[in-house]
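Student: My structure is below; once you've seen it, I'll send some questions.
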Amino acid sequence: MVNSAVRSLAIVGGVHGNERTGVEVVRRWQQKDFARYFPALKCHYFLANPRAIAANRRYINQDLNRCFRPQDRKNPYLMGYEQLRARQLAHQISLAGIDFIVDLHTTTAAMGTTLILNCPHPLLLNLAAYLSAQDEEIRVLQYSPQKDLPYIRGLCELGLTIELGPVPQGVYDPTAIAKTQRTLARILAYLQASTSGNVPAADNCTVYQQIDTIDYPRDEQGQIVAEIAPHIRDYQAIKPGTPLFYHRRGNVTPYQGAATVYPVFIGEAAYVEKGIAMALTQRKTIAI
């Protein structure tokens with residue numbers, strides 16, 4: 001059985017101001033006090049980037065979800081709006097004694113419902129395995145290990161992101177809101193039950209571990225010169241030699257890796273400026 005010491009949660013929306021789903025979910029849960037259904041848990045709500053939310057923009061000066069490394073928060077010369085917000089949020093989360101963070105996001109990529117985990121902590125893996133069994137659409141993603149995560153969910157060890165897509169930027173999507181609320185409620189129900197050891201432990205969890213990112217082919221001026229091949233789909237296997245990009249002049253760029261990989265965040269609109277057309281993962285089954 002899984003026994004959790006989680007008592008205090010942060011539910012975060014609006015880290016990216018044009019991802020309206022998380023903003024709406026936080027507002028609804030706070031206004032309607034949905035947390036009363038989970039009395040063993042203390043829920044704290046955060047709308048992370050108020051100016052960007054008001055402007056319906058991803059960010060004001062820079063991506064807030066790249067501002068949470070400890071060394072950046074301690075740097076007195078970093079004074080952009082999001083850098084200041086990162087310090088404020090880190091302070092508030094620390095004062096509240098938060099021991100679990102759920103960060104709500106959407107993506108323009110057709111990824112369905114994805115859980116992005118901080119680390120392979122047994123509680124996170126058991127939770128992810130439980131949720132995957134509840135909803136076959138759910139996939140579990142882990143980024144490459146980093147000592148100091150730049151994401152808000154990295155402010156405590158037990159953190160995860162709910163990432164839902166495809167959802168266009170800046171829109172109110174009732175279906176995405178409903179799916180996010182359902183997944184969030186299941187997370188809280190699991191954590192509530194685990195405080196008294198009332199959930200079974202899983203044997204393993206299937207995880208997609210990020211190993212690389214790929215940019216679009218570009219010319220000498222940095223302009224994109226090719227399109228992602230239409231048969232490339234999120235979480236669908238890419239084998240060596242598979243065409244990845246079709247160029248406007250008719251040539252093809254194939255996948256040149258040596259092993260089968262599984263792409264995610266395919267064509268994510270916000271990642272063009274980061275030089276990312278897609279991320280590549282390996283699918284693994286991790287024993288818990």
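Cβ from N, Cα, C; glycine included.
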Student: Figure out which of HIS105, HIS121, HIS231 sits with HIS16, GLU19 in the Zn(2+) site per Swiss-Prot.
Tutor: HIS105
Student: For the substrate site that Swiss-Prot assigns to ASN65, ARG66, GLU163, TYR271, which of ARG57, ARG58 is also named?
Tutor: ARG58
Student: Taking GLU19, GLU163 as the binding-site residues to compare, which has the smallest set of other Cβ atoms within 10 Å?
Tutor: GLU163
Student: Among HIS16, GLU19, HIS105, these being the binding-site residues, pick the one whose CA is nearest to that of ARG66 (substrate binding site).
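Tutor: Going through HIS16, GLU19, HIS105 one by one, the closest to ARG66 (substrate binding site) is HIS16.
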Student: For each of ARG66, HIS105, count the other CB atoms within 10 A of its CB; which of these binding-site residues has the top count?
Tutor: HIS105
Student: Compute the mean position of the Cβ atoms of ARG58, ASN65, ARG66, GLU163, TYR271, which form the recorded substrate site, and then list in sequence order the other residues of that chain whose Cβ is within 8 Å of it.
Tutor: VAL15, HIS16, ASP63, HIS105, ALA270
Student: Which of HIS16, ARG58 (the binding-site residues) has the most other Cβ atoms within 10 Å?
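Tutor: Going through HIS16, ARG58 one by one, the largest Cβ count within 10 Å is at HIS16.
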Student: Of the binding-site residues HIS16, GLU19, HIS105, which one has its Cα closest to the Cα of ARG58 (substrate binding site)?
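Tutor: Ranked by Cα distance from ARG58 (substrate binding site), first place goes to HIS16.
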